Ligand SMILES: *[C@@H]1O[C@H](CO)[C@@H](O)[C@H](O)[C@H]1NC(C)=O
Ligand SMILES: *[C@@H]1O[C@H](CO)[C@@H](O)[C@H](O)[C@H]1NC(C)=O
């Protein structure tokens, strides 16, 4: 082998080793600090992270669920309410999982998976405070927004129950191959193709505490962009 080729190969090996070392040091640094102390605007979202979803298209409220149910009238599933709330609280925390891991979630909460959430990943979102999954179905129309194509969104399930395919959402970031805190994204309901959305001026009545309605819609009018506010 010519000696110039050998030294080139050596250089490549050494620089590769150095960048690996730097990467490992950075990882160790992050781990020592446990949960990330500050939100880095380019943070990559990993499975197992607790996140809040901020609604981009209106006033920037948060995807929320509370210990209250949709009422019998208008016709509803009577499952747990999901809405946009103005402020962050315990009600606005969701944990994001790879949907393939649902059976492991039956008796544990901290399935990590380690992997980042990639474009077109099928995810499930579990409401931390009540252990229910973000859910939609086309048996019931949305309570406020009338017309075809706006369906009810609920939180559904309980500890010990692995949920069902109506809990599956596909992640569609506006750009990039992975979901980061800097990327607005859409969540598409995998079975029915509608998008998680909310509209300015669609306020729930008293039973919904006047919060802004959340629906699943195929309406092109939008209202379906979200961004992760914290991880
Ligand atoms: C939710 O509300 C019901 C009835 O109002 C109550 O029995 C239950 O304990 C509440 N659950 C939580 C987690 O607060
Ligand atoms: C989800 O988990 C399955 C099964 O382990 C795996 O094949 C798939 O690649 C994972 N999805 C992502 C986006 O990591």
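The backbone N, Cα and C atoms fix where each Cβ goes, glycine too.
Keep in mind the model is a prediction, meaning the values are calculated, not measured.
The annotation signal peptide is assigned in TrEMBL to 1-19. Look at TrEMBL and you will find 42-99, 114-174, 176-231 tagged as domain 'MIR'.
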Confidence summary for the domain 'MIR' (42-99), mean pLDDT rounded: 93
Tally of DSSP helical, extended and coil residues in the domain 'MIR' (42-99): 4 helix, 27 strand, 27 coil
